[in-house]
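Over in Swiss-Prot, the protein carries these features:
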type: BINDING; residues: Glu43, Asp68, Asn101, Asn123; note: S-adenosyl-L-methionine binding site
type: BINDING; residues: Lys127, Asp159, Thr196, Glu197, Tyr198, Glu199; note: substrate binding site
type: REGION; residues: 129-134; note: region 'Interaction with RNA'
Amino acid sequence: MRLRKKWWARPEIEASDKFADEPKELRGKWNKEFNNNNDIHLELGCGRGGFISQLVEKNKDINYVGIDLKDEVIVYAIRKVKEKEEEVKREFKNIKFVTMNIMGIAEVFDKNEISKIYINFCNPWPKERHNKRRLTHTKLLTEYKKFLKPNTEIWFKTDDKELFEDSQEYFKESGFNIEYITYDLHNSDFKENIKTEYETKFETMGMKIMFLKARLL
């Protein structure tokens with residue numbers, strides 16, 4: 001679905017201290033931006049922030065960067081974090097948001113700068129000629145490896161079986177070991193799951209969610 005342009009989105013996100021306006025200038029300097037040496041985790045395609053806002057609240061000693069393509073999406077993610085701050089009466093200083101095309105992500109993060117990646121319900125790009133746009137494709141996994149620390153995990157969730165099975169091959173081809181996998185996350189023994197907005201919706205529809213953890217060898 002194409003988002004309608006919202007003229008007010010860019011001014012609103014630029015006014016937020018949780019928005020990184022020039023992310024390429026922070027390459028190799030993200031810990032300085034957060035003013036600590038804590039691990040940095042990414043959510044690629046963070047959407048409206050339902051998932052990452054829960055992580056930020058739960059793990060104050062981990063820094064998070066949420067990335068999405070459109071200002072019109074990130075503006076709601078920033079609002080979601082603000083709502084969470086008001087709810088718990090605590091300011092979150094461990095979160096930044098970026099609007100960018102993930103294809104250029106290696107220009108934003110430096111070697112060994114990132115400790116974990118979350119990819120939730122990304123576009124499955126079912127047409128073969130578009131497969132390289134998948135966030136789990138070998139082309140992008142190769143880019144991620146440029147800035148991931150050794151033994152880094154990528155957590156991947158989807159409702160699309162074809163994407164899930166293709167992604168297993170992408171991870172293996174790219175030097176990752178799949179350490180956990182389930183085709184029915186909500187009926188599995190995995191206890192660390194945090195639900196996204198899409199996931200909650202899919203659950204009410206009776207759809208099965210697939211999940212894997214892949215570790216960089």
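Glycine too: its Cβ is placed from the backbone N, Cα and C atoms.
All features noted in Swiss-Prot, drawn onto the structure.
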residue	record	contacts (Cβ under 8 Å, 6+ apart)
Glu43	S-adenosyl-L-methionine binding site	Phe51, Ile52, Leu55, Tyr64, Val65, Gly66, Ile67, Ile117, Tyr118, Ile119, Asn120
Asp68	S-adenosyl-L-methionine binding site	Gly45, Cys46, Gly47, Ile74, Ala77, Phe97, Thr99
Asn101	S-adenosyl-L-methionine binding site	Leu69
Asn123	S-adenosyl-L-methionine binding site	Gly45, Arg133, Arg134, Leu135
Lys127	substrate binding site	none
Asp159	substrate binding site	Phe121, Tyr198, Phe202, Met207, Lys208, Ile209, Met210
Thr196	substrate binding site	Gly47, Gly50, Phe51, Asn120, Phe121, Lys157
Glu197	substrate binding site	Gly47, Arg48, Gly50, Phe51
Glu199	substrate binding site	Asn120, Phe121, Lys157, Ile209
The answer for the region 'Interaction with RNA' (129-134), taking Cβ pairs under 8 Å and residues 6+ beyond its ends, is 103, 122-123, 140, 163, 166-167, 170
Around the recorded S-adenosyl-L-methionine site (Glu43, Asp68, Asn101, Asn123), other residues with Cβ within 8 Å of the Cβ centre, ordered by sequence, are Leu44, Gly45, Cys46, Ile67, Leu69, Ile102, Cys122, Leu135
DSSP output for Tyr198 (substrate binding site) maps to helix
Per DSSP (helix/strand/coil reduction), Glu43 (S-adenosyl-L-methionine binding site) sits in strand
Rounded mean pLDDT within the region 'Interaction with RNA' (129-134) lands at 96
Taking every pair from Lys127, Asp159, Thr196, Glu197, Tyr198, Glu199, which the record gives as binding substrate, the longest CA to CA distance in angstrom is 25
Reading the DSSP string in three states, the entry for Lys127 (substrate binding site) is coil
Cβ contacts within 10 Å for Tyr198 (substrate binding site), all chains included, total 19
